[in-house]
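Novice: Below are the features I grabbed from TrEMBL:
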type     : residues  : note
DOMAIN   : A:9-125   : domain 'Alpha glucuronidase N-terminal'
DOMAIN   : A:130-455 : domain 'Glycosyl hydrolase family 67 catalytic'
ACT_SITE : A:Glu288  : active site, proton donor
ACT_SITE : A:Asp367  : active site, proton acceptor
ACT_SITE : A:Glu395  : active site, proton acceptor
DOMAIN   : A:456-677 : domain 'Glycosyl hydrolase family 67 C-terminal'
2 protein chains.
Amino acid sequence: MMPNGYEMCWLDYKKHCDVDKNELSKWFSYICLFDPTDEFQVVKEELAIFVTDFLGFRPRFFKVFPKQGRHVLIGKLSDLPVEVNLDEQLSEEGFVLKYVKKQDAEFVIITGISAAGVLYGTFEFINRVRVGEDLRKLNVVSNPKIKLRFLNHWDNLDGTIERGYAGKSIFFSNNKILLNQRTKDYTRLIASIGINSVVINNVNVRHAALKLIEPAYLKRLSQLAQLFQRYGIKLFLSVSFASPIHLGGLDTADPLDERVKKWWKEKVKQIYDYIPNFGGFLIKADSEFNPGPHMYGRTQADGANMLAEALEPFGGLVIWRAFVYNCQQDWRDYKIDRAKAAYDIFKPLDGQFADNVAIQIKYGPMDFQIREPVSPLFGGMEKTNQILELQITQEYTGQQIHLCYLGTMWKEILDFDTFSKGNNSFVKRIIDGTLYGRKNNGIAGVANIGDDPNWTSHDLAQANLWTFGKLAWDPDEDVKKIVEEWIKLTFGDDELVVRNISYMLLNSREVYESYTTPFGLGWMVNPGHHYGPNPEGYEYSHWGTYHRANWEAIGVDRTSRGTGFTLQYHEPWRSIYDDIHKCPEELLLFFHRVPYNFKMKNGKTLLQNIYDLHFEGVEKVQEFIKLWDELEGKIDAVRFSRVKKKLQLQLEHAIEWRDVINTYFYRRTGIKDEKGRKIYP
Amino acid sequence: MMPNGYEMCWLDYKKHCDVDKNELSKWFSYICLFDPTDEFQVVKEELAIFVTDFLGFRPRFFKVFPKQGRHVLIGKLSDLPVEVNLDEQLSEEGFVLKYVKKQDAEFVIITGISAAGVLYGTFEFINRVRVGEDLRKLNVVSNPKIKLRFLNHWDNLDGTIERGYAGKSIFFSNNKILLNQRTKDYTRLIASIGINSVVINNVNVRHAALKLIEPAYLKRLSQLAQLFQRYGIKLFLSVSFASPIHLGGLDTADPLDERVKKWWKEKVKQIYDYIPNFGGFLIKADSEFNPGPHMYGRTQADGANMLAEALEPFGGLVIWRAFVYNCQQDWRDYKIDRAKAAYDIFKPLDGQFADNVAIQIKYGPMDFQIREPVSPLFGGMEKTNQILELQITQEYTGQQIHLCYLGTMWKEILDFDTFSKGNNSFVKRIIDGTLYGRKNNGIAGVANIGDDPNWTSHDLAQANLWTFGKLAWDPDEDVKKIVEEWIKLTFGDDELVVRNISYMLLNSREVYESYTTPFGLGWMVNPGHHYGPNPEGYEYSHWGTYHRANWEAIGVDRTSRGTGFTLQYHEPWRSIYDDIHKCPEELLLFFHRVPYNFKMKNGKTLLQNIYDLHFEGVEKVQEFIKLWDELEGKIDAVRFSRVKKKLQLQLEHAIEWRDVINTYFYRRTGIKDEKGRKIYP
């Protein structure tokens with residue numbers, strides 16, 4: 001049973017733009033499908049759903065090549081009865097959408113080298129039809145630039161989701177694996193945005209999850225993997241580095257111990273017996289109380305390579321997270337800087353990791369704050385496969401109560417120039433493999449979905465999932481274009497709808513940042529659940545995330561004169577970040593300890609800027625509400641009022657943020673807002 | 001199966017002082033027990049355990065009156081074959097211990113009016129024997145001064161204990177009621193200190209606990225109640241005010257609704273069918289998300305009296321907690337003062353409560369902080385039964401990691417003069433019923449025990465349970481005497497052992513206070529679990545517990561010029577608390593907003609005093625460790641090292657407290673310690 005109000009996000013084909021359906025129907029009455037090896041079942045299914053929902057009739061599929069009329073023509077490039085001239089090389093997962101006229105017949109061709117490519121082409125084709133593109137002008141060759149396009153689910157087997165804000169897990173309940181209509185819909189949804197790799201369980205592998213790689217679970221996982229495979233997706237699992245102890249009865253998980261190696265080899269073989277197309281492991285080791293090779297005096301490379309050796313014969317990968325740091329720091333120790341940890345630990349290992357190991361690196365050196373500099377590790381490892389880890393789920397960014405579109409942030413990260421090999425050493429060129437010439441690179445997003453009827457709780461948070469897929473496919477894509485396409489597919493192409501939602505989305509990250517922790521400050525949240533303001537919530541904790549505000553200044557000096565974090569960057573960043581007058585102001589408090597009376601570029605003090613941003617941020621949320629209200633009647637009532645409620649709650653909580661943060665600084669300094677606005681004393 | 005290292009605290013009769021056992025044995029070879037109605041089974045059992053463990057032989061009991069020799073003579077006053085002249089009136093639960101010589105025979109008589117009285121006398125007699133008192137000088141008449149001597153257990157049916165720091169529940173596991181050897185030992189333990197009323201389940205009644213008053217549970221509860229009864233104890237239960245909804249299928253719990261009244265009457269009758277000596281209900285209503293009469297626009301008296309009416313025919317009581325306040329306060333609302341809530345709500349209802357209702361009032365107006373003024377409600381209600389609620393479990397007072405003996409604090413509370421009827425209107429005279437002439441008064445302690453082998457995790461925390469019982473029996477008793485008796489019964493009477501432990505216990509509260517939150521500040525703990533320093537942990541929360549520290553001052557002005565809380569006290573307290581120069585300094589920050597540079601009586605500023613106390617507090621813990629170390633070899637190794645470990649952890653955490661609090665104030669003010677000690681910047 002699907003929950004009340006169940007939706008398929010951008011795949012709801014009944015929603016569409018202003019198109020001439022009669023005219024369009026002509027293309028779909030006769031769909032030619034060339035499928036000699038019977039690989040296109042899901043393509044047929046998807047087109048059937050589309051045509052039925054969109055045009056109102058069930059399409060038929062033929063293998064005979066027609067001589068006249070308009071037709072959709074589908075098949076692998078090698079199987080097509082017409083020649084398709086390509087302007088560009090097709091890659092394994094790429095696709096072609098192309099209009100071809102042949103004598104009296106017109107064709108829109110969807111093709112590719114692989115079934116997955118054809119499926120991706122089908123989704124893209126459907127999207128273009130729905131937004132009313134002229135099919136006779138179709139001429140697209142599209143290849144994914146990034147090889148591994150991952151979703152990471154932090155789902156626990158009891159059905160809870162760590163950092164999940166949209167209900168319970170769709171994969172697990174009561175320690176059982178779910179396989180139902182929703183699983184299938186999920187697969188369609190993520191295939192439609194080009195995801196090809198999925199980790200279904202939490203990186204913190206505990207309790208029942210330890211046993212996921214045991215036969216009792218593997219059997220059912222193999223069914224899930226088969227479903228995934230039909231949509232071009234590989235199943236990965238998070239596993240515990242201590243599995244040989246938990247499951248194998250060994251007294252060690254030392255990666256250099258022969259018994260441990262043997263256990264993993266046998267275990268991997270067993271997994272592949274059940275799941276021949278198994279993707280591999282995601283590992284959170286030596287991190288936040290998870291076991292790892294450091295426990296045995298071994299390096300991260302020792303640990304990863306041991307697993308890699310076991311997976312290699314089967315083509316499996318080890319995705320090894322770089323989120324390793326001392327999470328038992330003493331706040332009184334001013335020498336340790338958590339921001340430096342990943343680079344300090346992994347940089348010296350560059351070149352030591354096996355070819356089927358990829359290091360998965362969080363975008364920033366801390367932990368998914370609303371603004372961080374890009375991790376210097378991206379510019380630091382030339383001989384190591386790298387995966388950029390992003391968080392689609394809004395842990396520190398408003399927990400799907402606040403509107404916080406992340407595409408703009410991700411785009412900044414992808415476009416960040418590390419200067420590791422001179423100009424244009426962009427992060428996106430590292431993870432697409434072109435900069436260092438490595439093969440197993442990728443991008444991973446921690447999923448923001450759960451079993452809520454609309455998948456993401458906040459309807460507009462669907463845009464984050466959509467955008468993640470689009471940027472994973474092509475990190476050079478324009479975010480505004482991505483957003484507009486999503487709006488049209490999701491809410492229709494009314495001009496005001498597109499304009500207002502687009503404005504809201506594209507500005508929402510800066511708005512959230514302004515009323516929470518601007519200038520790279522971060523962390524002023526309640527410990528544990530990470531929601532809502534708590535200016536000193538982490539100040540005396542063991543997590544290593546301090547701002548050390550006193551009566552005159554705030555922030556940690558991470559320059560060469562301080563913790564030395566800036567030295568992990570290539571020039572010119574090193575010098576730029578090192579200089580309080582050159583440092584980009586949005587990162588000022590990340591890199592510098594700054595007096596409240598520091599004059600910023602706009603001539604105002606740091607403190608006055610903090611006050612201003614907090615007042616302005618709330619005003620911006622009020623503006624969002626006004627813009628949303630303008631859409632009443634142009635959007636279905638259910639979603640209109642659901643988003644409205646979220647925005648109202650956001651406003652309430654933005655006011656809370658404003659007042660707490662302003663009061664906090666006022667109580668510190670005794671300096672009033674120069675405009676005399678209300679700050680609680 | 002008892003856990004490893006299982007102990008019976010002060011009832012371990014193998015531990016004793018330096019006594020002549022041969023001489024003592026003569027008294028116990030022939031115990032005369034007059035028990036015509038067979039009520040003294042547990043007295044016999046206790047004496048049998050005692051003589052066996054202490055003297056090494058099994059005693060025999062006779063009903064024949066001997067003509068010569070030394071004997072223990074036991075029976076109700078009315079059944080004794082000798083006349084006992086009393087210097088004082090015996091009350092129902094009182095007892096007599098008296099040496100009588102009759103011709104050639106010598107007797108030590110244990111007697112009372114009731115079986116419970118005789119049992120209490122037996123425990124007291126055993127204690128006196130163990131510490132070597134001269135039996136020929138015995139001449140004791142002892143009546144409990146306080147009628148209701150309650151333990152409140154905050155045990156949940158899943159086995160967890162809210163604010164429990166000594167393991168799991170001994171009453172519940174997996175939603176089942178436990179009845180085993182430990183239950184019996186528990187009953188002995190608390191009867192030995194005079195407890196006569198027990199609430200076994202958490203005041204927050206949720207989940208399975210809602211069903212405790214259903215037949216499925218009542219059947220087993222009746223067995224527990226029978227066990228309790230043999231030891232003079234009545235079983236009470238915490239119940240949800242919304243039970244008619246949860247269990248009765250009604251759509252309301254409105255206390256004035258006839259269906260609700262009828263439901264409760266039938267429910268109470270059902271309970272008494274199972275448990276004829278059932279004590280009654282403890283109710284947390286309209287408090288921290290628990291339902292109550294306010295939900296229906298009714299008063300607390302409406303709610304309590306409705307239940308009282310149902311219980312009255314059976315002699316049952318309603319214990320109604322006064323812990324009612326707005327726990328959804330906006331920190332920006334400076335007018336609300338949580339400290340005023342109980343008085344504001346209950347004082348106007350004085351005289352309206354039924355005779356079998358008692359209002360249970362926490363000792364302070366906030367919530368069990370290490371130092372609070374006594375709740376003004378005690379001086380505010382002359383026509384209402386009152387129960388003083390104390391916390392034996394160390395929620396805010398160190399969670400049985402820190403040594404924090406609470407007897408000294410309780411003594412201050414009991415000795416507090418409310419001046420409600422002129423001089424000597426002590427709290428202890430309110431709850432012993434003499435001041436206002438009310439009948440159903442009492443004292444309640446939230447228990448500090450769990451299923452740890454030593455019951456309280458910290459061995460020295462047993463002293464708190466012991467002291468609670470002793471003060472409940474006689475609030476005029478001297479704390480030093482109470483402590484010394486406990487030490488002797490628990491660790492023996494080595495002079496150094498008694499001296500050092502006594503010193504540690506009697507000073508521990510002030511030490512804990514000094515390195516945490518002195519001067520009545522309170523609350524600077526981590527939210528939720530309430531352990532460890534977090535100076536602004538509650539500063540922007542909804543709990544109404546703020547200090548509003550800024551760059552120049554700290555504290556809430558609760559005077560007549562502020563929230564007006566001081567006006568709830570009688571003179572002279574009203575004037576004393578209202579005046580920053582007269583206010584007892586240990587409560588300065590509870591009542592006043594005070595600049596850091598305020599000169600205190602010792603000539604130092606408030607800030608310097610805060611620094612000093614924090615440094616000195618840590619030094620005192622170091623002194624405790626030194627004193628404890630002196631006892632090595634004089635105390636059994638298991639307990640010695642267990643306490644040692646606790647003290648070492650306490651030291652570590654005291655240092656953490658010192659550094660966090662000092663740094664917090666230094667960062668606020670920029671003012672250094674005048675003695676130049678280390679404060680982290």
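Just so it is clear, glycine is given a Cβ too, placed from its N, Cα and C backbone atoms.
Keep in mind that this is a model prediction, so the values were computed, not measured.
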Novice: Looking at the domain 'Alpha glucuronidase N-terminal' (A:9-125) alone, can you tell me the average pLDDT?
Specialist: 93
Novice: Would you please pick out, from the active-site residues A:Glu288, A:Asp367, the one with the fewest other Cβ atoms within 10 Å of its Cβ?
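Specialist: Checked A:Glu288, A:Asp367; of these active-site residues, fewest Cβ neighbours within 10 Å: A:Glu288.
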Novice: Under 8 Å Cβ to Cβ from A:Glu395 (active site, proton acceptor), same chain, six or more residues apart: give me those in sequence order, or none if nothing qualifies.
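Specialist: When sequence neighbours closer than 6 are ignored, A:Glu395 (active site, proton acceptor) has A:Arg163, A:Phe368, A:His530 within Cβ distance under 8 Å.
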Novice: Can you tell me the CA-to-CA distance separating the residue listed as 'active site, proton donor' and A:Asp367 (active site, proton acceptor), as a whole number of Å?
Specialist: 12
Novice: Using DSSP, tally how many residues of the domain 'Alpha glucuronidase N-terminal' (A:9-125) sit in helix, strand and coil.
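Specialist: DSSP composition of the domain 'Alpha glucuronidase N-terminal' (A:9-125): 40 helix, 32 strand, 45 coil.
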